[in-house]
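Pulled from Swiss-Prot:
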BINDING   ARG41, ARG47  NADP(+) binding site
BINDING   ARG127, ALA128, SER129, GLN247, ALA248, GLY291, LYS306, PRO307, ILE308, PRO309, THR310, ARG332  FMN binding site
Amino acid sequence: MTLRYLTAGESHGPALVAIAEGFPAGLPVDFEAVDRDLRRRQKGYGRGGRMKIETDAAQFLAGLRGGVTTGAPIALAVWNKDHENWKDLVSPYARGGRKFTQVRPGHADLAGALKYGLDDARDVLERASARSTAVIVALGALAKALLSSQGVEVCSRVVAIGPRDIRPDAPPTPAQRDAIEASDLHVDDEALAAEWRALIDAEKARGGSIGGAFDVYATGLPIGLGSHVHPDRRLDARLAGALCGVQAIRAVEIGDGTQVGRPGYEFHDAIHHDPARGFWRETNRAGGLEGGMTDGMPLRVRAYMKPIPTMLHPLATVDLATRAATQARYERSDVCAVPAAAVVGEAVVAWELANALLEKFGGDTVEDVRRAVEAYAARIR
């Protein structure tokens, strides 16, 4: 069975909840590792006041016993502390408070309200909020655990804030990963981080916001995850879709995908083989994916995040109730959330990779998966 999940919950509701199905039995789950990823999502220079209220932690409700998966569906919740401050406005049992009609450009407010016949965009923005990514990160931590059990590791790095970017061509080393995790901008270059902080400070001072980009990497992937036979089975398409499903992500690049001005001999990766290493490449311009499948090299995927559209200096809009011109309503938000988005990016990439791994190797238990992976590795060497 492959993986699937369903989530529910609103930004200021009681909790965000999820049910995940398809994890093999026998997978140890490090609860602290799950909560550590949730804390990582809350970090980052430029975050707003909400992160000072929440102390995110996952509560597992089903599907594990003694910290190990049983093969049954996994249920979990991430509780919203801030709900106490909003319970009179956002409640499953009553409606109250001022209606949200000054819809914000760049958000789901207008289209969602019109689509569902709503006179209050609150019902749209509560679900559309990036707060929902907290439970996605918890699910992603489970996917990371499954991948790690088979020798696959996932990490990320912020590579752009505003116009100032970098283009590393390899996953970070262990020392670089330590520096990235210690950085409030999720990067291993403190001089660059200082430049980025200045850009964020400037946008905050003028009531604006700023976007950027991040890379997600995966190492240890076997050749052949994904498929070339149908568009919806191509792993590059699935990864791009998963990343574009994250709030504010507007573009995705696989490997050196945007560098199409190069001639072919500078764009593709020559193939080599030796008995000890198997198939290998000197370069990784493809970012670990060819023909919709992993090629054995590290995965490198870049996601581009737009500036958050909720700003203290708002754009012009139209009031949903009166159709009169007005200013977009301000709702507590971040100036920059690219470091947090990188952690969410890890989660959705890990989920797609774990899904592809189980599609390829199956298995009702983690040991079944391990044996299938080892047999396949021996066959293709």
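Note that Cβ sites are derived from N, Cα and C of the backbone, with glycine treated the same way.
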Site of maximum Cβ density within 10 Å, from binding-site residues ARG41, ARG47, ARG127, LYS306: ARG41
Specify the nearest of the binding-site residues ARG127, ALA248, LYS306, THR310 to ARG41 (NADP(+) binding site), where nearness means the distance between Cα atoms. ALA248
Including all protein chains displayed, how many Cβ atoms other than that of THR310 (FMN binding site) lie within 10 Å of its Cβ? 23
List the Cα distance (Å, whole number) between SER129 (FMN binding site) and ARG47 (NADP(+) binding site). 14
As a test of the contact definition, list every same-chain residue at least 6 positions from ILE308 (FMN binding site) whose Cβ is closer than 8 Å to its Cβ. SER209, GLY211, ALA248, SER333, ASP334, VAL335, CYS336, ALA337
Rounded to the nearest angstrom, how far is the Cα of THR310 (FMN binding site) from the Cα of ARG47 (NADP(+) binding site)? 13
Count the other Cβ atoms sitting within 10 Å of the Cβ of ALA248 (FMN binding site), across every protein chain shown. 21
For SER129 (FMN binding site), list the number of other Cβ atoms lying within 10 Å of its Cβ atom. 20
